[in-house]
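Listed features, source TrEMBL:
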DOMAIN    580-786  domain 'PPM-type phosphatase'
TRANSMEM  37-67  transmembrane segment
TRANSMEM  74-90  transmembrane segment
TRANSMEM  119-139  transmembrane segment
TRANSMEM  145-165  transmembrane segment
TRANSMEM  185-207  transmembrane segment
TRANSMEM  213-241  transmembrane segment
TRANSMEM  248-265  transmembrane segment
TRANSMEM  271-289  transmembrane segment
Amino acid sequence: MEKYNAFSYDGQYADPTDSVFKYGNSDILKNFYSKDVVIFIIGAFLLGRAHILGGLAPFGIALFGFLVSQNRKNVYLSVSVLGGIASTGMDFNMGKYMFGMIIAYSVFYYMKKINYKPHVIGIISSVSILISGSIYIYLNGLYLYDLLMLLFEALVVFVFTYILYYSVPVFLKRSNRSVLSNEEVVCMGIFVSIVISGLSDLFIGSYQIKNMFGILIVILFAYNGGASIGASTGITIGIITSMSSIDAPYIVGIYGFCGLLSGIFKDLGKWASIVGMLLGNIILTFYVNGTTEVFIQHEEMIIAFIMFLFMPKSVLDYTKNFVGSNTTEDGLYSEKIKNIGVKKLKEYSSAFLDLASTYKNIADKERKIDNEEVSRMVDEVAGKVCSDCGMCRSCWQNNFYSMYNGVVESISLLETEGALKNSKVPKILKKRCIKVDLLTQSIRDRFEIWKLNYHWEKKILENRRLVGEQFEGISEIFNNLAEDMNNNVNFLTHVEDALYVAFDKAQIQVDKINVLEKENKFEIEIQKRTCYGRGQCEEKIIGLVSDVVGKDLVCKKRMCSVGDDKCVFVLEEAHKYRIATGVARVAKDNRWICGDNYSFLDLEEGKHMIALSDGMGSGEKANKESKVTINILEQLMGAGFEKDLAIKTINSILVLKSSDEIFSTMDLSMVDLYTGKVEFVKIGAASSYIKRKNGDVEPIKSTSLPIGILNNVDIETFGYKLDEGDFVIMMSDGISDADKEEWVLDFLKNNKSRNPQDIADKLLDEAIVKYDNEVKDDMTVLVSKMWSPNQCA
């Protein structure tokens, strides 16, 4: 797989360099006037002219060593470097640099098969100048000062090699590059500054060409990059171009301050940037030196300003691609969008919480049987049976309290015992009522009507309570989502910048990159031009992005267009662990339909769900019960519900289906594929087991009721840590009930297989044997093995 890195090239730029300078002997003259060759001949000449501390010229030999390491035929550049050195009047050093280049060339020539890294190139070039310089010092008299200067010069050669390593490839690929890393921007600035310093002592009339181009570079970068870029560029230009001057501190300050003011005024246009730079020069010159001496001639600045004003827009736009921020504005916009989203989610959460409170308050007003209800029942019974009776006056007027208490006692017997037998009818009713059988039957009928009404009223209240709980759950979802967005999600703009650079180097055009970090895990969304179904994201991009972020990534979601639309794909951090699950099951009496259902699937944030549900009984009805449970669980967990809320929701749905009662067990395992932590949630389910790699077996038991029976489900949760090679074994009660309680534990301890499907098959076969080879219940086994892609399973 092709390797990419946004921060180190590891020799990748050998090819582009060779593509420019790789000519045969006869091709050198033929291509001598090509644009790239002319540029580097001029650059080598100016770097040869650039000197520091009065007599050191390390930059030319560093460039020579770097380019020769890329292609040995670039040796002709030595003429340009030596010509630059000679043009400064340092003829006395010509021998030292010429011999140093011969040594460097010889090393690179005889070690041509090595893929040179920057430190290797720097060491070879530095040692070459050390050897030639030592010989030169020995022949001309040994002085400690000369030796120290030679060591310093060799160090500069080594450092400048690194600068060339980052900046030269940009010039070679300048027509294809539009986004640079911070290292490339800095190194380009230093490279250009040293090239400009090679213009020292070159004048147009009385004006220095070095100052003109230095000012032009500063205002160009300040106009496109802003105050910070302008100031840093000005300081860089000032330091390098004034290194041999006694006024260097003042010149550095003036260049930096001019770049700062020019960048501040950039939004007002070219003229504003020019005025800012001019003001910077005037203010600092007057502050430092009064009016006696000007460090940068105004005429030199005016010439640079004229070149800037007449500079083509294409050049300005091209420069802006390099120095402009790719993600600052996008980052601010993303932050605003995030804040708006968090606020809206909080509002939704509050609204649903209010609804939940309203429904719960209504549900809490549950009406119980009271004196008023009893009086109404007595009146209705008396009105129906006694109103036309001749004894009504005697019973209800002369013995009201006795009759009233008799009817109330009958109602109480119905409520407590569920029936009103003739032998239990109160004595007062038997003694006084001549229609006692009709009266007691009427009491029974009226109580049944009340009981039916009470049942449905209670059901409505239960449903309202359940709806309130669901609203509360939805409120919790919105609130958790808002908290996640606000606290746990970070947009990593520096990684986005690095990716833009890496894609640009690889010649892959991308439109948008979003890098999110949540709980120290990456999620990267990339939008690019259509690849016409070639699957470019898997071939090149995943490896490139993985190298930049320093983590193994996998494609989480992909939408490759074959038309004119965009290719959009999402990468996520590769899981440390994976789960392989083996399944074995059989229906009762070998029927076609099994009452058990199961599921295992990957969820968001590196979670893996393993679920098993056993419907009550067997056959089609049990299958329906467990299938409903599993289907709803898959939908809710796939939508991002927390497991507890998902189970409560399933229980509510099953309870609400009162016309066709549905009961089923729930056995759920949630595995974190990053950490190996597992949570077991068991509701009425049979025991599960963890079999460790060393053979130890741990049972996980539960005593809760199945879901769909009670309004408030009892959720039992158990937490464990899994390692590579461990097994999770889940089963329906048809397996565990085949023999005494410990038989499954003993079987797993004695079974030595490392294949999850083999274990599941053998466990099911053993259960059937214990049933005397009869399938007396639905039986299902799920065996899941934790394994690591980086280890042998």
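Backbone N, Cα and C atoms are what each Cβ position is placed from, and that goes for glycine too.
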Interface present between the transmembrane segment (248-265) and the transmembrane segment (145-165) (three or more C-beta pairs under 8 A): no
Local confidence of the domain 'PPM-type phosphatase' (580-786) - pLDDT mean: 85
Contact set, same chain, for the transmembrane segment (271-289): CB under 8 Å, 6 or more residues outside the stretch: 215, 218-219, 222-223, 250, 253-254, 257-265, 295-296, 298, 301, 305, 308-309
Long-range Cβ neighbours of the transmembrane segment (37-67) (under 8 Å; 6 or more residues past either end): 17, 20-21, 31, 74, 77-78, 80-85, 87-88, 90, 93, 97, 100-101, 104, 108, 121-122, 124-125, 128-129, 149, 152-154, 156-157, 160-161, 164-165, 168, 171, 194-200, 243-244
